[in-house]
Amino acid sequence: MRRGERRAHGGNVGKAALEEQQQPPAPPPPPAQPNGGAPGAERNGAGPRRSTESEVYDDGTNTFFWRAHTLTVLFILTCALGYVTLLEETPQDTAYNTKRGIVASILVFLCFGVTQAKDGPFSRPHPAYWRFWLCVSVVYELFLIFILFQTVQDGRQFMKYIDPHLGVPLPERDYGGNCLIYDPGNGTDPFHNIWDKLDGFVPAHFFGWYLKTLMIRDWWMCMIISVMFEFLEYSLEHQLPNFSECWWDHWIMDVILCNGLGIYCGMKTLSWLSLKTYKWQGLWNIPTYKGKMKRIVFQFTPYSWVKFEWKPASSLRRWLAVCGIIFVFLLAELNTFYLKFVLWMPPEHYLVLLRLVFFVNVGGVAMREIYDFMDDPKFHKKLGQQAWLVAAITATEFLIVVKYDPYTLTLSLPFYITQCWILGIILVLTWTAWRFFIRDITLRYKEIRRQKQEHRHEKDKCLSNGDGHSALLDEPNGNKLRERKL
């Protein structure tokens, strides 16, 4: 090194050393997350932690389980396609090849989505799990759109390609029947009506409402949706025969026992999740086998927790949003029964169960994205991708029902049912107008009137001169005279 360069280099080092002495020490970096993101991975890695969000401690261990495997998936997918192309003989069955080609196309799309789609608000048990259900949502929405564009006869017969037993009209069933709790005419078993209702749908109701409570995270909203759906069953039993149930089946078995018990257990689980300490360690950093097993089990619990505070009466925007959520929930529940009716699917068919499993997995993500969009609009400036798809799926299902059986939907409601719904809608609209318009205008008027009265009282109290000048107006002149004397 030359002398001039050495002098210049030494001078720069000295200047840098002085600057380093003058600058305060930098704050320590935040701990890394197991998926390589920033703290608060449940909030998409940015933004301050809300008061309703739990605090998370993470040692930042990044194992093979959490790393991206895009090249591995691409290599396996290419090998599978190469095996089918080069080593497997293509059958001469057009229908079979068509089915297999559609299934292969869906699998390739799922592989792409699981490795490349954007992460949602959840990261446990693994972000790829929730990306998978996001891609399934896209596939299901495309399937519904395809069904929507078919004729009624072609759409029903298309279901035979999925299951040959479908595409057949459903047999008539008697759902109401004898509603006596104690039937004295039956000497062998007077309570046979109760035992007949205790079928597989009882635990389905319980677990369904337990999971819905975990999605909504609010006792009042769950009870409103539960009671409202029973009123909808009363109102629409002239359209669908399976809505015709006994009164004790509606209110005792459904609302109180199945739904109520599921909501109660769900609220207890929410209370435990809100009090739980979210401290995460890498599996290989835990010394005991018991701790490792506990860590594996807790991998299927949330990474962090956010308590939902819907506050529907706080503003008109939140009130309309909560009403919209309840409406979409009820519409999705009704679609379950109407789709079975118009597409000729028996209630015990596996496609009905798969649809419920699908909504269980996507519903929680959608509700979290809706809550973030409502609660923190500055950070979440658009509706989440899963919430958007769930809303689109619910609307498309309803449009299929409208197209495939408009006669059933246009059956007029009984007169007393119409009167009850009109009265309920009038009460809701009246309360909305009073709470967010009339009440605010009245409170604003009272506040302005109170301020004017206080101002008038202060003005009368401060009058000290005969000419009506206030002492408050003379204070600036007095202060100027004091300043001149000083």
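Yeah, the Cβs are placed from backbone N, Cα and C, and that goes for glycine too.
Annotated features, as they stand in TrEMBL:
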REGION    1-55  region 'Disordered'
COMPBIAS  24-33  compositional bias 'Pro residues'
TRANSMEM  64-86  transmembrane segment
TRANSMEM  98-117  transmembrane segment
TRANSMEM  129-149  transmembrane segment
TRANSMEM  219-236  transmembrane segment
TRANSMEM  248-267  transmembrane segment
TRANSMEM  319-338  transmembrane segment
TRANSMEM  350-367  transmembrane segment
TRANSMEM  387-404  transmembrane segment
TRANSMEM  416-437  transmembrane segment
REGION    456-486  region 'Disordered'
**Long-range environment of the transmembrane segment (319-338) - Cβ separation under 8 angstroms, sequence gap at least 6** = 221, 224-225, 228-229, 232, 236, 240, 242-243, 310, 312-313, 352, 355-356, 359, 367, 370, 374, 390-391, 394, 397-398, 401, 405, 432, 435-436
**Asked** By a Cβ-Cβ criterion of under 8 Å, what residues six or more beyond either terminus of the transmembrane segment (98-117) are in contact with it?
**Response** 68-70, 73-74, 77, 84, 128, 131-132, 134-136, 138-139, 161
**Asked** Under an 8 Å Cβ to Cβ limit, what residues of the same chain, 6 or more beyond the ends of the transmembrane segment (129-149), are close to it?
**Response** 106, 109-110, 112-114, 117-120, 122-123, 155, 158, 343, 358, 361-362, 365, 385-386, 389-390, 392-393, 396-397, 399-400, 403
**Message:** Give the nonlocal contacts of the transmembrane segment (387-404) in its own chain as ranges (CB under 8 Å, at least six residues past its ends).
**Reply:** 134, 137-138, 140-141, 144-145, 147-148, 152, 155-156, 328, 331-332, 335, 338-339, 342-343, 359, 362-363, 365-367, 369-370, 373
